[in-house]
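J.: Below: one structure in structure tokens.
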Amino acid sequence: MKFIIKLFPEITIKSQSVRLRFIKILTGNIRNVLKHYDETLAVVRHWDNIEVRAKDENQRLTIRDALTRIPGIHHILEVEDVPFTDMHDIFEKALVQYRDQLDGKTFCVRVKRRGKHDFSSIDVERYVGGGLNQHIESARVKLTNPDVTVHLEVEDDRLLLIKGRYEGIGGFPIGTQEDVLSLISGGFDSGVSSYMLMRRGCRVHYCFFNLGGAAHEIGVRQVAHYLWNRFGSSHRVRFVAINFEPVVGEILEKIDDGQMGVILKRMMVRAASKVAERYGVQALVTGEALGQVSSQTLTNLRLIDNVSDTLILRPLISYDKEHIINLARQIGTEDFARTMPEYCGVISKSPTVKAVKSKIEAEEEKFDFSILDKVVEEANNVDIREIAQQTGQEVVEVETVNDFGPNDVILDIRSVDEQEDKPLKVEGIDVVSLPFYKLSTKFGDLDQNRTWLLWCERGVMSRLQALYLREQGFKNVKVYRP
């Protein structure tokens with residue numbers, strides 16, 4: 001079997017040296033992706049296309065599907081490559097190939113020709129089209145909007161009978177641009193923005209700020225691995241996980257409520273910039289869209305950018321949510337994003353939409369930056385190829401209950417402000433308050449002879465914190481969902 005890879009048009013308008021470099025990189029990317037399917041596969045580059053030849057017919061559909069997901073490819077032609085002698089020979093071979101497809105259909109013939117011949121492309125179109133029209137009684141020629149277009153390519157003494165055309169994702173080959181670090185949360189926005197930078201030729205590494213324990217990290221790892229495996233597996237990339245719970249805890253304890261959102265984002269950019277510098281990455285990528293949430297106004301985005309010299313790319317800045325969700329659906333991350341948890345303890349009640357730099361800096365003076373330095377230093381860096389094995393490991397389960405026993409205590413893990421605004425009162429059981437960001441250091445001080453039922457508004461943070469405590473060896477925790 002043989003496939004002809006057509007280049008993304010923007011590649012073809014580059015200078016000769018740049019075009020050759022892009023084609024060489026794309027050829028290498030194709031080899032890297034396809035070598036797992038067929039070791040005998042050959043990839044040959046030409047000036048205006050790339051040939052892929054393989055012997056294992058059983059892998060035809062798999063190879064074709066993989067090619068449609070490699071950045072830099074405009075479309076793929078599945079062809080049968082045969083020799084020919086003259087125009088009548090071309091017609092006879094086309095008749096054998098297309099007779100069944102044209103039965104009862106309208107059609108036209110389109111020919112591309114390279115090399116020296118005593119006929120033109122139009123001559124072949126007329127001759128083959130006329131012959132097919134005569135020999136297939138139910139077929140009819142229609143030059144505009146036909147049911148079937150018969151595609152032929154003539155190259156020197158070879159005829160390419162095109163059996164199918166399949167669209168690629170376009171863009172530039174990965175590796176033609178410099179590396180970037182995507183701040184991935186597992187939601188709609190960060191997945192789509194990561195894909196867009198891969199499609200533009202960047203090798204995308206991933207940085208995840210963990211706010212909710214192992215279960216949340218496993219979910220985000222699955223999204224990152226899916227994106228890499230589907231669109232970027234030609235290159236090795238990193239997945240860096242930073243435990244940001246201590247940072248969130250410090251913010252919730254010391255920072256004014258209205259400034260929390262912007263300061264949290266500034267801390268994330270600071271941390272990601274340190275990671276990017278450590279690994280020689282040139283830019284950060286976020287899924288922020290203008291005006292989508294309070295921290296994404298122009299004023300707030302400028303203040304967020306101010307904390308780092310690292311370039312921050314926002315490919316979705318002008319996109320609305322519906323467009324982003326549609327893109328997530330197209331690339332296959334929608335289902336991941338819909339099931340990704342939101343956090344009930346990390347959101348300000350009255351966030352500012354127009355932060356003032358002097359106020360932000362004054363609030364940040366209360367923050368202990370040694371905490372930020374420590375979480376970055378302890379960041380977990382893994383090769384994304386190892387994620388499939390790691391995420392396959394069993395996650396500790398935690399029991400969810402809707403009633404309680406005589407030895408149980410409800411543990412309200414919401415932030416202090418939330419608890420003051422809406423105190424939790426349940427008849428027949430004690431309620432103890434301990435904000436989630438203090439659980440890692442204070443839970444051990446509680447009476448370990450009691451069973452603690454963790455509770456929060458949405459039930460997401462309580463489950464994740466219960467999982468975290470179970471992983472730390474505490475067996476006396478459950479999730480309370482009345």
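Here the Cβ of each residue, glycine as well, is placed from N, Cα and C on the backbone.
So Swiss-Prot has the following annotated:
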- C456: active site, cysteine persulfide intermediate (ACT_SITE)
- L183, I184, K265, G287, Q296: ATP binding site (BINDING)
- C344-C456: disulfide bond (DISULFID)
- 61-165: domain 'THUMP' (DOMAIN)
- 404-482: domain 'Rhodanese' (DOMAIN)
J.: Where the record says L183, I184, K265, G287, Q296 bind ATP, what is the longest distance in Å from one Cα to another among those residues?
T.: 16
J.: Cα of L183 (ATP binding site) to Cα of C456 (active site, cysteine persulfide intermediate): how many Å, rounded?
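T.: Spelling it out, the Cα of L183 (ATP binding site) and the Cα of C456 (active site, cysteine persulfide intermediate) are 26 Å apart.
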J.: Which residues does Q296 (ATP binding site) neighbour through Cβ under 8 Å, counting only same-chain ones at least six apart?
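T.: Same-chain residues close to Q296 (ATP binding site) (Cβ under 8 Å, separated by 6 or more) are E288, A289, L290.
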J.: What Cα-Cα separation, expressed in whole Å, is found between G287 (ATP binding site) and the residue listed as 'active site, cysteine persulfide intermediate'?
T.: 27
J.: Which ones in the same chain are close to I184 (ATP binding site), with CB under 8 Å and 6+ residues apart in sequence?
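T.: Set apart from I184 (ATP binding site) by at least 6 residues yet with Cβ under 8 Å, we have S190, G191, S194, Y206, C207, F208, V220, V223, A224.
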J.: Write out how many residues of the domain 'THUMP' (61-165) are helix, how many strand and how many coil, based on DSSP.
T.: 38 helix, 38 strand, 29 coil
J.: Tell me the Cα distance separating K265 (ATP binding site) from C456 (active site, cysteine persulfide intermediate), rounded to the nearest angstrom.
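T.: One finds 23 Å between the Cα atoms of these residues.
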J.: So what's the mean pLDDT when you look at the domain 'THUMP' (61-165)?
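T.: The average pLDDT of the model in the domain 'THUMP' (61-165) works out to 93.
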J.: In the domain 'Rhodanese' (404-482), how many residues does DSSP put in helix, strand and coil?
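T.: Tallying H, G and I as helix, E and B as strand, the rest coil: 28 helix, 17 strand, 34 coil.
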J.: So, in DSSP terms, is G287 (ATP binding site) helix, strand, or coil?
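T.: Note: G287 (ATP binding site) is coil by DSSP, not helix or strand.
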J.: Using Cβ-Cβ distances, find the residues under 8 Å from K265 (ATP binding site) that belong to the same chain and are at least 6 apart in sequence, listing them in sequence order.
T.: S295, N300, I304
